[in-house]
Structure formats: structure tokens, C-alpha cells
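Written below as C-alpha cells is the structure these notes are about.
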Amino acid sequence: MKIVVDENMPLAEALFAEFGEVVRVPGRTMTAEQLADADILLVRSVTKVNAALLSQATNLKFVGTATIGTDHIDKAVLAEKGINFTSAPGCNKVSVGEYIISALLVMAEKYQFSLSGLSLGVIGAGNTGTAVAERASALGIEVKLCDPLKEQAGDPRSFVSYDEALQCDLISFHVPLSREGEHATFHLLDKKYIQALRSEQILLNASRGEVWDNQAMLLRQQSAEPLLLVMDVWENEPDILHELVPYTDIATPHIAGYSLEGKYRGTYMLYEAFCQQFGYTVTKQLKQLLPVADINALTLNANTDEVVLKKLIHLVYDVRRDDARFRHQIGLPGRFDEMRKKYPERREWSSVTISSEQNNDELVKLGFSVSGN
């Protein structure tokens, strides 16, 4: 069995080598010739899996993407060819949630305000949106969910309209990219909405770049009343609109979901689906594959107010480090993908156990491991 995987996918050999030959190839430049004798294909969001790519893949039986989004996969072609498909929904939801909270704490420090009591419109209440909402609520933020598809499907949570969500102090986007239908998300935030927003609002996008009209956003940012922006995703990656970067407060190269746990979890979910599809027993456990974090234990002697929480959170992950690297390198050719490929190891908050006798409800809700309370 020949298993072709994206060169940047972790754990591929550890999880799949027992089933056949694991061949790593660059995801963004993958060719039909490389899949000519492949049985299994495992990709990330940079690979467009379509009829052209699969034109020579006569042996292909299974395609998996280690991502939440599937807009890079032509599912109709896979169905037509009888190729089984799986994705990794929720694999990096914790990582994205922690990215957003880290960014909001940076903004609160930069502009001298408290997050508690502010309103947050979460556009898209799936895995990542829910993870953001849960963590924001733990900080005392009033969360308003907007997801017409989930609302129509009978989700029991309370929802608001898109227009109401856009009135919030903070607005975070967590929708998949779709270009057709009543609730298409391509340019969901278009010129009309961008121009109507208040200059003191903070907007965050860690979903897909095309959800925001980047050109219209640049025009707004060049006006007398720019918005406050946190951008992890961009239109036309990796050839992004470089002119927009200086007008953002936080800018990163599509790495919100790039915690070590998130990356490992994505590949592991494909391993589980592969085993189920082909009748193999799942013999490996994700926890056994994760290394011990460099910072894995802390003792806390203070109550967890917003200042203490910020210090703890940024000790584990401070988004400003990614922002600084991005601004330093983005003008160089090919650096967008290179920064993603060589992204430094980042751990989730659950990798740290905090010993404390204080009330640590917020820490538990945020995802830290807590002992002693």
C-alpha cells in the first residue's frame, strides 16, 4: 500500500508506516504523476484535490484532510470515483480558541480596557466557534452566537442575526468557506458591512481569508476611521494583499490552529478513520505520542483576575511572537508558506498543570489542567 502525505503532516510515519510505504510530497505543488500508484492520500488545506490532481490516481481508495475545512476538496469527484473521504472536524478547535483569547488579551493590554463585560459576536458556532465562545465566557465576555444553519437545524442554543452580531464590541469569524447557497460565506464581510462598522470595534478572522473582502478592508483601513484587526487568514494565500498587513494590530500566516496538539490530532483523526475504513484495530493513543511540554507545571499563589490570567496564558502562548515573525518576514518571496512549514512548537494550555489552592474555575474553563483545588 502506497500512502502519499503532505510533507508537513506530523506523525505520518508513526501512525501509517505499519500499513505501507509512506511518501511525503510538497502539498501546494502536488502533481497527478505523484499519485499515479497511490492507494491513500492525506493532505492539508494547501492541496486542491480535484479531477486534475486525481486524473492518474487509478488505485486511490481513500482521501483524508487533516483540517476542519473541506473547501479544497472536490467531494463530487471523489464520490464519482468511489473514493472514500474523511476530514478532521474539531482537530484544532482548542488551538484556534486559544489563539483568539491570546489575541484579545493583547488587544486589551494595548488599548487599556477590560474584556469582562464586553460583547463578542461569534460568527459560526461549529467546533471552533464554540471553543472560542466557551473560553470567552470564562473571561466574563458576553457571547452572542450567529449561525443560521445551526439555528435552522434546531440547535438549542440562543442565536442572533448577522446584523446583531456585527454590533458587538468584538467580532470573531469561524465559518467554513462556501460560495453558493443562501448562506454563502464568500465575502460574508463585504464592502457594505465593512464601511458600516464602528472604528472602535475589534474584528478577528481565523477561518478562511475569502470570508472577508480584503481589498474593501484595505480601503477602510486607509480611511480616517480604521478598524482594529486581528488577521490570521488572507485572501489568495500565499500571495496575500501585503498592503493590508501594516493596518492590522495582529497579523499571522494562517497558524491559529497550529498547536502541536492540533496538528497531531488532525493526523490522528485520519488514522482512526483509516483504521475504521479498512478494518484495522486502533493500537496507538494520541496522548502517548505527545512529548512533555517544556513548561508543564506551575504553582499559582494568587487569585485568577484578568492580569494573572493574561500572564499565564501568554507564558504558554503569546500571539505577539507570531505577529513579529510575520511582519519581519512577509515581504520576502515564499515566506508565507515557509513560516507555516517551519512554525515553532506551540503547546495548548492543557499541557500545563497548575497547582493552586485558590478558586480556579476560570482556569479549568479555559482548558488548563489544575490540581490542588
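Cβ from N, Cα, C; glycine included.
Fair warning: this is a prediction, and the values are worked out from it, not measured in the lab.
Cross-referencing Ser45, Ser55 against the substrate binding annotation in Swiss-Prot, which names Thr67, Tyr258, picks out Ser45.
With Gly257 (NAD(+) binding site) as the anchor, the candidate recorded positions are Ser45, Thr67, Arg208, Glu237, and the one with the nearest CA is Thr67.
Considering only the recorded positions Thr67, Asp147, Glu237, the residues lying within 10 A of His254 (active site, proton donor) on a C-alpha to C-alpha basis are Glu237. Counted within 10 Å of its Cβ, the other Cβ atoms near Glu237 (active site) come to 18, all protein chains included. For Thr67 (substrate binding site), none of the recorded positions have C-alpha atoms inside a 10 Å radius of its own C-alpha, out of Ser207, Arg208, Asp232.
Taking the Cβ of Ser45 (substrate binding site) as reference, residues of its chain lying under 8 Å away and at least six apart in sequence are, in sequence order, Thr65, Thr67, Gly69, His72.
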